[in-house]
Amino acid sequence: MNENLLYLAKIGEINLKKGNLKNFERRLAQNLSLYLENTGASVRVRAGRLFLEIPSEFRTLAEKSLDMLIGITGWAEAKVAEKNIDSIAAVLIKEAKEAVRLGCKTFKIEARRSDKSFPFTSYEIGRETGAQIHMAGILTVDVHNPDIVLSVEVREKSVFVYGVEHTGRRGLPCGVSGRGLLLLSGGIDSPVAGYRMLFRGMKLDFLYFHSHPYTSPEAQQKVETLAEKLAEYGLGAYLNIVSFTKVQQQIKKTAPEAYLTLMMRMCMMKTAERIAKKVNAQCLITGESLAQVASQTVENLSVTNSCIDFPVFRPLIGMDKEEITALAIKIGTYETSILPYEDCCVLFSPKHPVLHTRLEDAFEIYNRMGIEPFLDEAFESCETKKIIGYGKKK
Ligand code: ATP
Ligand code: MG
């Protein structure tokens, strides 16, 4: 079983970015190659298509990688036909028989011809080959609502034929839209926020604040698992882990009860900004959604924005919990996020948090806490773990 498999993937939105097209295509091919390191895979891009050739023993890994890859709208296993109508029909008939095995009854042919010297037009290719399949009684033609579309692409050097098409993830290839630092907690929201930015082509690093012994090692393990999951889409990442115990204790000691959470959020943003600059990230990303909890009112979000001079992206701002949860399930982070280990201790959560803080009040309380030395210590405590997220690990 040493023969090679061939896959063809369709490139989506990146087709629109004319100026950057080459760069985007190169990145997409690189990303797929990373998933398939040491398999002997060959990946190339030709005229809006990504082609993958790989030894058949790696079928499972190849298909999982195409499912994970951000930046393609669809993919299919393709067969090569010789450049004449009989060979195309013969390969199509094999595909049609395969479709019958999968339960299909009706079909249509979709042909594309980029080599205009081929003596049949796209329409004629469809008519000739479709008639053969129909006449052989394998499948019945239904141009409006077919069970399967059999595709033919006649190109300069080869002809490709494929049947079952899998939906791709869409989005932009990871690495074409800069670098962000995701504030990653063990909750449902922040992993989804991270995915949304990966989906726009951003490369991510992660930052987690722990409060040992108030938060458990299991809570941190949960974050590490989430980081690994996201790093699979993001083709690797670094997880920065910062100790926030003393910061939280100082806040508890010096700030009014109702402001505890807001002060902690300000301290997190301050520290995150410093870490972001250290790791060359261009923005912070959080899983906040408007009015979901007290610290996420427009006034309180303005406070956490104003305490730093750095872009903060909140991709979930207009989504509700149901939509966020549905996406968490889809990207595979939900099951980990709902494990029962809290990422924040009730000891530090006020019963009646302030909802509509005035900027001046927040800054006055913040400045009275004498928190700077504790933030310096937190920054110094940062430990970094490399997360591979692809390739041999699987
Ligand atoms: P999540 O579901 O992401 O935990 P949440 O709804 O629980 O969010 P908050 O606890 O207010 O909301 O946190 C808001 C955002 O702040 C989170 O989405 C995350 O980006 C960040 N954050 C909160 N706690 C931590 C933490 N311990 N470490 C890193 N980031 C955190
Ligand atoms: Mg949370």
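Every residue gets a Cβ built from N, Cα and C, even glycine.
Residues annotated as domain 'THUMP' in TrEMBL: 60-165. The ATP binding site feature in TrEMBL is assigned to L183, L184, Y208, F209, R265, G287, Q296.
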Sorting the binding-site residues Y208, F209, R265 by sequence and keeping only those with a Cβ under 6 Å from ligand 1 gives Y208, F209
Between the two most distant Cα atoms of the ATP-binding residues L183, L184, Y208, F209, R265, G287, Q296, the distance in Å is 19
Min neighbour Cβ count (10 Å) across binding-site residues L183, L184 flags L183
For L184 (ATP binding site), the three-state DSSP class is coil
Cβ-Cβ distance under 8 Å, sequence separation of 6 or more, same chain as Y208 (ATP binding site); the residues meeting this, in order, are L183, L184, S185, Q220, V223, A227, L239, N240, I241, V242
One finds that other Cβ atoms within 10 Å of the Cβ of Q296 (ATP binding site) number exactly 21
Across the domain 'THUMP' (60-165), DSSP labelling yields 40 helix, 31 strand, 35 coil
